[in-house]
Amino acid sequence: MAQQSQRPISNRHISLLNRNGLILLLLLALFVILGVFLPLTKSSLFMFPNTTSSSLSPSSSLSVSDWRDYSLAQAVKFVAKNETVIVCAVSYPFLPFLNNWLISISRQKHQEKVLVIAEDYATLYKVNEKWPGHAVLIPPALDPQSAHKFGSQGFFNLTSRRPQHLLNILELGYNVMYNDVDMVWLQDPFDYLQGSYDAYFMDDMIAIKPLNHSHDLPPLSRSGVTYVCSCMIFLRSTDGGKLLMKTWVEEIQAQPWNNTQAKKPHDQPAFNRALHKTANQVKVYLLPQSAFPSGGLYFRNETWVNETRGKHVIVHNNYIIGYDKKMKRFQDFSLWLVDDHALESPLGKLEIYQEQNTTTEGKNLTKIVRKQRKNRGKKHKLP
């Protein structure tokens with residue numbers, strides 16, 4: 001009787017072992033599956049939360065053809081933060097200036113919302129190699145060597161595409177800040193975008209204004225022009241912002257390139273005309289000169305710089321022509337950050353000149369950089 005009563009218990013143990021063993025095997029298999037596939041999917045979702053399985057996910061492993069297919073809509077969705085993006089348009093020779101600008105933006109914690117509009121494929125691949133997803137090319141690609149020469153047709157072709165790029169972003173539903181890359185951020189410009197205006201911009205004048213100057217659109221001068229700079233613009237995705245960009249596009253199209261003109265056309269006069277044509281329909285805000293000075297004021301008027309110490313937000317290296325001259329002036333004023341602070345940029349250290357040594361322009365740029373690094377000249381102290 002005792003033996004018979006123990007058999008069911010023994011059988012029950014065996015049954016439980018078999019069942020538990022099966023469960024353990026299933027759990028082990030599940031852990032193996034999760035261990036292999038979950039990190040891949042999780043890292044993809046963590047790094048690129050704005051992408052979907054049906055869209056192109058930015059990744060350093062993407063092929064050249066993939067980056068060619070990367071669209072503006074995908075790029076803006078990837079980089080946007082709080083429905084806002086910061087954009088610039090860059091050709092390959094100006095990558096060092098892009099890196100310098102990015103370092104200054106990184107110091108203000110806004111680098112992740114930056115989108116580089118590459119004007120040539122070399123720029124597209126280089127930026128996305130270092131910083132996947134943060135560069136997009138909107139065809140057609142431009143000649144990288146002629147696009148950086150101020151006053152050239154290549155430069156005009158580059159800048160004349162700008163309002164259409166900005167309009168496209170606005171129509172996607174995003175606010176956008178545009179910067180030229182020969183700028184340096186010293187403070188956070190978003191702190192100065194007060195109110196609910198459609199467009200914010202900076203003056204390009206060297207004449208000193210009072211600290212409490214008007215923030216309205218400047219009136220036309222006696223010659224019928226104003227000097228608002230198209231180098232730094234913030235636009236909200238409003239009907240007014242879109243209208244301003246559409247009008248700017250129309251004004252540029254009305255002044256096609258003509259090499260015989262005494263003053264070759266560029267985008268800034270067209271922007272000023274667009275501002276005045278839409279003055280009754282677009283709410284605009286002129287940023288304070290003390291915070292957003294032109295290069296003609298900041299680099300040439302030491303007295304004014306000292307009087308406005310601590311107020312400067314973005315410095316524009318304009319009122320000077322030439323790649324090497326711009327770099328030299330940044331170096332003289334301790335605003336060339338690339339040599340000593342490259343690791344603060346999302347792009348890190350860029351080795352780009354060796355790739356251009358097969359061209360005459362590439363060799364010239366290499367000589368410029370070597371010369372500037374060897375002889376920095378006397379440095380001015382920042383106020």
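Each Cβ is built from the backbone N, Cα and C atoms, and glycine gets one as well.
The N-linked glycosylation site annotation in Swiss-Prot covers Asn50 (among others), and the record cites sequence analysis as its basis.
Annotation note: Asn82 (N-linked glycosylation site) sits in a coil segment as assigned by DSSP. Positions annotated as N-linked glycosylation site by Swiss-Prot: Asn82 (among others).
Residues or ranges marked as N-linked glycosylation site by Swiss-Prot on the basis of sequence analysis: Asn157 (among others).
Annotated N-linked glycosylation site per Swiss-Prot: Asn212 (among others), in sequence order, evidence recorded as sequence analysis. Every protein chain considered, the tally of other Cβ atoms within 10 Å of the Cβ of Asn212 (N-linked glycosylation site) stands at 8.
Taken from Swiss-Prot, the feature N-linked glycosylation site applies to Asn258 (among others), supported by sequence analysis.
A simple way to gauge crowding: the CB of Asn301 (N-linked glycosylation site) has 15 other CB atoms within 10 angstroms, across all the protein chains here. In the three-state DSSP scheme, Asn301 (N-linked glycosylation site) falls into the coil class. What Swiss-Prot records for Asn301 (among others) is N-linked glycosylation site, and it gives sequence analysis as the kind of evidence.
In the shown protein chains, 9 other C-beta atoms lie within 10 A of the C-beta of Asn306 (N-linked glycosylation site). Under DSSP, Asn306 (N-linked glycosylation site) is assigned to a helix (H, G or I) in the three-state scheme. The feature N-linked glycosylation site is assigned by Swiss-Prot to Asn306 (among others), with sequence analysis given as support.
Residues or ranges marked as N-linked glycosylation site in Swiss-Prot: Asn357 (among others).
Annotation comment: Swiss-Prot describes Asn364 (among others) as N-linked glycosylation site.
If you look up Swiss-Prot, you'll see 1-20 marked as topological domain 'Cytoplasmic'. Over the topological domain 'Cytoplasmic' (1-20) the predicted model carries a mean pLDDT of 51.
Annotated topological domain 'Lumenal' per Swiss-Prot: 42-383, in sequence order, evidence recorded as sequence analysis.
If you look up Swiss-Prot, you'll see 21-41 marked as transmembrane segment.
DSSP assigns Asn212 (N-linked glycosylation site) to coil in the three-state reduction, placing it in neither a helix nor a strand. Counting Cβ atoms from all protein chains shown, Asn82 (N-linked glycosylation site) has 9 others lying within 10 Å of its own Cβ. Note on proximity: among Asn212, Asn301, Asn306, the glycosylation sites of the record, the Cα nearest Asn82 (N-linked glycosylation site) is that of Asn212.
For the pair formed by Asn212 (N-linked glycosylation site) and Asn301 (N-linked glycosylation site), distance between Cα atoms is given as 19 Å, rounded to the nearest Å.
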